[in-house]
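> There's a structure below that I have some questions on.
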Amino acid sequence: MRTLVLLSSVAILSTLAVKCKYDGKDLENNEVITVQNAFRIKCLTEDNGSWKTEIIGCVTPDGTEINAGEKKEVGDKVHECVKSESGQVSLKESKGRTAACPGGQKHGEQWQEKSFKFRCGDGGVVKFEACVGQDGSVIPAGETGKIGGFDVKCEQHANGTITMQAANDPKSYDCTAKDGSSKKNGEEYVEGNFVRKCGDYGQGKIIGCHAENVGNTIGINQNVTSGDIVYSCTKDGSNYSFKTYSLKAN
């Protein structure tokens with residue numbers, strides 16, 4: 001009889017509806033609820049009367065369900081439901097492939113800032129594309145091209161700095177005078193009434209004026225008198241002028 005009672009008791013226990021308890025709520029076996037608007041919890045019961053709740057996934061802000069250990073790209077964001085060995089689950093969010101860049105540019109959009117072109121790449125990452133010369137010449141990143149007749153290298157360095165500079169030594173370029181002759185860096189030469197000096201990148205800069213009756217170069221904004229003639233070499237802004245004045249009375 002005692003045995004039957006025990007059996008009866010076991011039978012009664014096994015037929016009782018076992019439920020999970022979570023935050024003061026009763027949950028049926030296999031019932032799934034969402035908590036904290038971010039996690040999916042499932043009730044699991046056993047015939048022996050034991051039960052447990054298990055986090056089986058996450059829920060994104062827009063309601064998309066993600067199983068634990070998986071990730072999904074929703075719009076311009078990637079949501080990952082991470083489950084650790086200890087059973088802790090966390091919902092992580094990162095930029096998706098089509099995310100916008102920090103400046104608001106859309107995925108794939110190109111734009112120019114001063115002399116540099118950029119593109120909004122995957123994950124909202126700004127990608128350096130090319131250098132642009134004043135004449136509109138474009139040199140792709142990492143390459144060398146010609147701008148204004150000079151070899152220019154367009155480069156992004158490891159620290160993120162972007163440079164557009166002469167590919168060769170600035171002093172290695174020759175200047176070309178109006179008569180077609182070549183002048184070395186540092187060499188002075190006469191063109192009409194002006195004296196030029198060959199500078200870096202092959203740029204001939206006016207350093208003074210020239211007069212047949214004056215032995216030396218007349219400096220900028222200086223006057224030199226030879227006989228009864230005054231020779232004047234002046235600069236006004238970016239304009240240079242050479243003039244002569246007679247000291248003879250009319």
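Glycine too: its Cβ is placed from the backbone N, Cα and C atoms.
Quick paste from Swiss-Prot:
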- Asn48: N-linked glycosylation site (CARBOHYD)
- Asn159: N-linked glycosylation site (CARBOHYD)
- Asn223: N-linked glycosylation site (CARBOHYD)
- Asn239: N-linked glycosylation site (CARBOHYD)
- 1-17: signal peptide (SIGNAL)
> Could you state the whole-number distance in Å separating the C-alpha atoms of Asn159 (N-linked glycosylation site) and Asn239 (N-linked glycosylation site)?
41
> Can you tell which of Asn48, Asn239 has the least company, meaning the fewest other C-beta atoms within 10 angstroms of its C-beta, among these glycosylation sites?
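Looking at the glycosylation sites Asn48, Asn239, the Cβ with the fewest others within 10 Å is that of Asn239.
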> In whole Å, how far does the CA atom of Asn48 (N-linked glycosylation site) lie from that of Asn223 (N-linked glycosylation site)?
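For Asn48 (N-linked glycosylation site) versus Asn223 (N-linked glycosylation site), the Cα atoms are 113 Å apart.
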> Of these glycosylation sites, Asn159, Asn223, which scores lowest on Cβ atoms within 10 Å?
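Among the glycosylation sites Asn159, Asn223, the lowest count of other Cβ atoms within 10 Å belongs to Asn159.
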> May I ask for the distance between Asn223 (N-linked glycosylation site) and Asn239 (N-linked glycosylation site), taken between their Cα atoms and rounded to an integer number of Å?
17
